[in-house]
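Participant: The transmembrane segment annotation in Swiss-Prot covers 18-38, 60-80, 95-115, 126-146, 155-175, 178-198, 201-221, 262-282, 295-315, 333-353, 362-382.
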Amino acid sequence: MTVQTIRDFLKLESASGLLLIGAMLLAVLCANTPLSWLYDGFLQTRFEIHFGALSLAKPLLLWINDGLMAIFFLLVGLEVKREILEGELSSLPQIALPGIAAVGGMLVPALIYTGINWSAPATLQGWAIPAATDIAFALGVIALLGKNVPGPLKLFLLTLAILDDLGAIVIIALFYTADLSVLSLVLAMIAVAGLFILNRTGVTHIAAYVLLGVFLWICVLKSGVHATLAGVVLAFAIPLRTKDQDGHSLLRHLEHTLHPWVAYGILPIFAFANAGVSLAGISFTDVFSPLPLGIAAGLFVGKQFGIVVFSWIGVKLRMARLPQGVSWGEFHGMAVLCGIGFTMSLFIATLALDGSQETADAARLGVLLGSLMSALSGYYLLKRAVRKRALRAEAP
């Protein structure tokens, strides 16, 4: 990844993070004012699409969560494939510390959540909710600190987020899959085979991949496997090194095209649709019920503890080293910001928990509280660490 590419990516993600904050606040406002009936009614409006004898009928909320988020995971898959083949995930020394940090950052929050919800079987399956990180939101907070945050720390956060997303993909595939339809899975496998035949034969016409990708999405949607995984499979079939007639990489071109649409459109829409938690009737004791407490504690306590402690052990055992020029104080601030789960945590909550409004609101409350505490604390810690760096630089 070139320096200019990194700068462009950071600029885009930072702006998207600020937009996500606005979408979240707007959703909470709509859910707690007389506009709530309009907000809820809009999201429950049913839309139908017909393909001959095939009919897909879903509320708008599910079109967003199953359809638009498949495009988000398509982008994630493109980024993961490129980084594995040519980028920060292509060699062991580069991946060592982010990999160790990612494991700690997913394992410890899940353990904290499980411990708190151990006596509540209905919510125990939500253990993966606090294991996620919202990279756009985290970079949006970092953007508020200006240019003083070290570049290597931002790059480390990007690499950690990519591994975090990869972990989320594996978790969704393994643990949050419903009853399976054999016929739909067979058709999906045929679509996957077709995609990789296109890849191996050097086809660079995007329309061919899109048509098979849409067919794959429909098959996966009907199969019981979550439809967003179709985006990941499609991404891994898109060729990186095969050039089109203009000499461009199809994967890089598609990634560059999708990124602003995802950052400025899909993620804010998802945040607006899923962050609208009603605060009416919520008491202080509700915050300490197992579900919201487990999520909030996992995000705020578990994320920073897992990332920092696992990384410290890795550095002490000489398995990895800190990013160049980054202090442990700055690293800790970044680790706290990784507790901003927001969009990814909300998404996993829609898969992991039952569909009742009460459960959904409790999960949203936990995600919002944990993410808010992580954002405020991470901003303060990182700002203080960056200020210390500036003072050391000015000292004679």
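Positions of Cβ are set from backbone N, Cα and C atoms, glycine also.
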Participant: Between the stretches 95-115, 201-221, 295-315, 333-353, which wins on the count of C-beta pairs under 8 angstroms to the transmembrane segment (262-282)?
Facilitator: 333-353
Participant: With pairs closer than 6 in sequence left out, are the transmembrane segment (178-198) and the transmembrane segment (60-80) joined by 3 or more CB pairs under 8 Å?
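Facilitator: Contact absent: fewer than 3 Cβ pairs fall under 8 Å.
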Participant: Mind checking which residues reach the transmembrane segment (18-38)? Cβ under 8 Å, same chain, six or more beyond either end.
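Facilitator: Same-chain contacts beyond the ends: 134, 136-137, 140, 143, 263-264, 267-269, 271-280, 342-343, 368.
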Participant: Going through 95-115, 126-146, 178-198, 201-221, 333-353 one by one, which has the most CB pairs that fall under 8 Å from the transmembrane segment (295-315)?
Facilitator: 95-115
Participant: Six or more residues out from either end of the transmembrane segment (95-115), which same-chain residues have a Cβ under 8 Å from its Cβ atoms?
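Facilitator: Residues packing against the transmembrane segment (95-115) from afar: 88-89, 124, 126-131, 133, 156, 159-160, 163-164, 167, 294-295, 297-299, 301-303, 305-311, 313-315, 319-323, 335, 338.
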Participant: For the transmembrane segment (178-198), give me same-chain residues lying six or more residues beyond its boundaries with a C-beta closer than 8 angstroms to one of its C-beta atoms, as numbers and ranges.
Facilitator: 208-209, 212-213, 215-216, 219-220, 222-225, 230, 233-234, 237
